[in-house]
Amino acid sequence: MPKWIRSTLNHIIPRRPFICSFNSFLLLKNVSHAKLSFSMSSRGFRSNNFIQAQLKHPSILSKEDLDLLSDSDDWEEPDCIQLETEKQEKKIITDIHKEDPVDKKPMRDKNVMNFINKDSPLSWNDMFKPSIIQPPQLISENSFDQSSQKKSRSTGFKNPLRPALKKESSFDELQNNSISQERSLEMINENEKKKMQFGEKIAVLTQRPSFTELQNDQDDSNLNPHNGVKVKIPICLSKEQESIIKLAENGHNIFYTGSAGTGKSILLREMIKVLKGIYGRENVAVTASTGLAACNIGGITIHSFAGIGLGKGDADKLYKKVRRSRKHLRRWENIGALVVDEISMLDAELLDKLDFIARKIRKNHQPFGGIQLIFCGDFFQLPPVSKDPNRPTKFAFESKAWKEGVKMTIMLQKVFRQRGDVKFIDMLNRMRLGNIDDETEREFKKLSRPLPDDEIIPAELYSTRMEVERANNSRLSKLPGQVHIFNAIDGGALEDEELKERLLQNFLAPKELHLKVGAQVMMVKNLDATLVNGSLGKVIEFMDPETYFCYEALTNDPSMPPEKLETWAENPSKLKAAMEREQSDGEESAVASRKSSVKEGFAKSDIGEPVSPLDSSVFDFMKRVKTDDEVVLENIKRKEQLMQTIHQNSAGKRRLPLVRFKASDMSTRMVLVEPEDWAIEDENEKPLVSRVQLPLMLAWSLSIHKSQGQTLPKVKVDLRRVFEKGQAYVALSRAVSREGLQVLNFDRTRIKAHQKVIDFYLTLSSAESAYKQLEADEQVKKRKLDYAPGPKYKAKSKSKSNSPAPISATTQSNNGIAAMLQRHSRKRFQLKKESNSNQVHSLVSDEPRGQDTEDHILE
């Protein structure tokens, strides 16, 4: 079956006109019962066998349609999410028909735009031009809020009013004709796409070991195995993981932990989905103690969420700082749940400060102001960084807030990461507890052999920043091409130079940054929702902002006429004016002015370098269009020439790195990285120290601290300068297997575990026992509700002496003994019969306190 038809099946067909062969049109119409119209046209067509079809009414295929199509030998059912509710169907249809009140064109609604592949070189308006055949794109899972979907997913819409379809006798004939004709018209050939010029290799440090690199010969479509169809890989939680999910659904504050590879991060992602379904997407704060860990779960650092900066100062000072920020104040007021990953690196003092802030802002004396808490991490891994070497480390579980608020502490026991390598699991568990025997030491020393040289570059982990910098600089020197040096601009009101230099070291942005084309880099600042501290990417080119402005406009609309580029190339002032209009949109003047001054100051900090031509790989997005039209080919060539001219006009200007970043979901994003500013402020928000620099650092090698929470298929670890408890365990447990692990300078005397952590872990319970306790508590609660007092309600006394139950309201009005019975319900009573009084009923207690007790009935 033609790929175009396959990609259309069991999805909404676009309302705009589309081009297909006549046979494909008949096949689609017969199978889908879609109300289609068509017109014969020769413009842009090679023969009259091709028609322009248009959907009169949006249509969705049912399961019966899919069953019919699956009879074909060539049919491959796409493994992708289906719409399930009529409400969603109506919403999508509404979005398709929605028109902009100004230009009367369909609005670029988020759900509608999901029909268009984000990496497509065509614009929205060009997707359905008569001269272009562009198949409708699949709907990705992220197109819809999963919280609004049913838990039991079907394979498609079921319409009970429409009978199952009968197979047409000409089905095979139509199918074969469609294959031959559709292939001749495919605009994008998946097998012949231009390779992305993205350097040789990149070790992507993500939580998903199946996608571990970006290669020069691998485009985005190859990241999914089914020819462009995004495959939904189902997450199957273990029984203990499901038990923890149920505890969270019941509103409990939870801390769960486990050894490396027990699926803590996977469970956390599923729990976040559940919590967002309960509280709403905007009311669940997803955070982590480090930027890289936050990147893995799609969140931000706890410091960034809370609005406390570095968290220095007493709790009241930080509270006042949060109060001054409307954004952070609103966050604290509205959230229903707070998720913190890698809680082990958060110290007790900071956790108590956050608890104080939450209670004060929310005016609620419950722990964290009544916010549901979900903590995850492993205290056997890296401890909090001690600010004062003379003060002992205090873990988060030692804080007052933890003891008051976190009642469910659970240990995960099933290992997934090193599953199948029982020996490796045992070695890691011994290292975790600091209990290394002779055999374990021998096994780790065997791993000093070099790793096989294949396509995947091993990530290198070191214990100190100096070692990381040395390794990264060595890798950079091996790359060909010119080195671009970016010097930071430091400032601030602090006069003590020694203290100032020490504070500047807290910034992740380096004082001097060396980059080349092909360098692997990491973002060190949160810029937006998808580009955060910890995002990894590769430098593919250097260009000035003016050139990038033209380049971005061309990538957004490859069909842009060359005349527009000619105007900008011949008249740079018009280009600058267009840039200023673009940058000022949506920004307050003060903010825009500050950003402009930062960039200008950084640009003046270096002399312009000689301009080298843009690499041809930058224009690969235009070469993906397969066409024999000489006019189109000439336009593409002309646009490349104009871009080179605009680039050459940038002589004397600072050129910035153009980086292709890789997200945790394997999508890519091209960004011209511009300078950012960092500052440490006093109580009046006056900068004590500040730095302006590109928010990048080289990332072939990482410190062990930054690697916590990562899964690395190939990793090289040097333990020569390990200095912290848990540091060696974190580094070695990043590996998936011994085959992908190289260990240098292993020393068993450096493998230690903290005694406080060992004692704390002895108090943890299993997920199964915690859930059983929850069920028992619910039964007790239900029993209490069943026996709760009320009008005309007969309750059994809880007193073991069979004391009377609370008396009904009618009796209370006639008998003054009711108040006394309620005050002393747990004491023994003996009441004598009284004449001329209303009848009073009392039930016999089912919990006798002694054998000599008697049942008493009030009458």
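The backbone N, Cα and C atoms fix where each Cβ goes, glycine too.
As recorded in Swiss-Prot, the features of this protein are as follows:
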type	residues	note
DNA_BIND	727-746	DNA-binding region
BINDING	Gly258, Ser259, Ala260, Gly261, Thr262, Gly263, Lys264, Ser265	ATP binding site
COMPBIAS	142-157	compositional bias 'Polar residues'
COMPBIAS	844-859	compositional bias 'Basic and acidic residues'
MOD_RES	Ser70	phosphoserine
MOD_RES	Ser72	phosphoserine
MOD_RES	Ser169	phosphoserine
MOD_RES	Ser584	phosphoserine
REGION	142-178	region 'Disordered'
REGION	782-859	region 'Disordered'
TRANSIT	1-45	transit peptide
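A mean pLDDT of 88 is what the model gives for the DNA-binding region (727-746).
A 10 Å cutoff on Cβ-Cβ distances gives Thr262 (ATP binding site) a total of 22 other Cβ atoms nearby, all chains included. Between the binding-site residues Ser259, Ser265, the minimum number of other C-beta atoms within 10 Å of a residue's C-beta occurs at Ser265. Applying an 8 A CB threshold to same-chain residues 6+ apart, the list for Lys264 (ATP binding site) reads Tyr256, Thr257, Gly258, Cys376, Gly377, Asp378, Leu412.
The number of other CB atoms found within 10 A of the CB of Gly258 (ATP binding site), across every protein chain shown, is 24. Under the DSSP three-state reduction, Gly258 (ATP binding site) is assigned to strand. Cβ neighbours within 10 Å of Gly263 (ATP binding site), excluding its own Cβ and spanning all shown chains: 20. Ser265 (ATP binding site) carries a helical DSSP state (H, G or I). Broken down with DSSP, the DNA-binding region (727-746) shows 9 helix, 5 strand, 6 coil.
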